[in-house]
Amino acid sequence: MALCLKQVFSKDKTFRPRKRFEPGTQRFELYKKAQASLKSGLDLRTVVRLPPGENIDDWIAVHVVDFFNRINLIYGTMAEHCSETSCPVMAGGPRYEYRWQDERQYRRPAKLSAPRYMALLMDWIEGLINDEEVFPTRVGVPFPKNFQQVCTKILTRLFRVFVHVYIHHFDSILSMGAEAHVNTCYKHFYYFIREFSLVDQRELEPLKEMTERMCH
């Protein structure tokens with residue numbers, strides 16, 4: 001029997017959603033609009049389209065934060081099965097290996113275990129979305145010129161979480177009864193990044209066959 005996802009996700013408090021939208025802000029209203037469309041049963045291809053009259057950067061910002069929260073939770077459901085022993089390298093099957101690079105500790109691409117990569121990734125994204133210079137929340141403060149470039153990097157790295165989960169830990173997702181939830185989240189993410197061309201086609205290769213079955 002499928003577990004209630006709230007039960008699953010409350011097991012590991014480390015992976016609670018870390019970013020919320022302030023009620024009363026335009027971003028909060030956009031978030032509510034996006035969530036209402038999702039719950040209405042509309043085709044996910046339609047749901048991701050920019051609503052008439054809305055700012056594209058606001059729309060992308062809302063989705064990047066929401067996807068971060070959701071994917072963070074998904075990884076949290078099976079984090080206990082992703083260890084230094086089981087996943088000594090952050091990979092997506094035998095053909096794809098992901099190395100970590102940042103502006104602090106790892107200035108050169110480093111080969112890390114999957115759990116270490118995930119921890120650094122979630123902290124890195126959290127730092128960006130809480131940075132007012134990158135994700136401004138005050139009315140009238142513009143997004144930086146490189147905003148979509150930053151979002152491309154965030155979404156590309158979040159896609160790698162799906163790659164690792166689907167290829168190495170999908171049995172854990174199945175055993176928790178969370179398959180439908182993860183698949184829906186993946187399809188929503190996939191249609192969004194394709195709608196706005198936010199992730200390079202080459203990055204999508206590891207899940208190409210599964211995506212064609214699921215999304216076409």
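Using N, Cα and C of the backbone, Cβ positions are placed for all residues, glycine too.
The Zn(2+) binding site annotation in TrEMBL covers C82, C87, H164, H169. Here the Cβ of H164 (Zn(2+) binding site) has 24 other Cβ atoms within 10 Å, regardless of which shown protein chain they belong to.
The Zn(2+) site is set by C82, C87, H164, H169; from the centre of their CB atoms, other residues of the chain with a CB within 8 Å are M78, H81, S86, A114, P115, M118, V165, H168. Other C-beta atoms found within 10 angstroms of the C-beta of C82 (Zn(2+) binding site) number 21, with every protein chain shown included.
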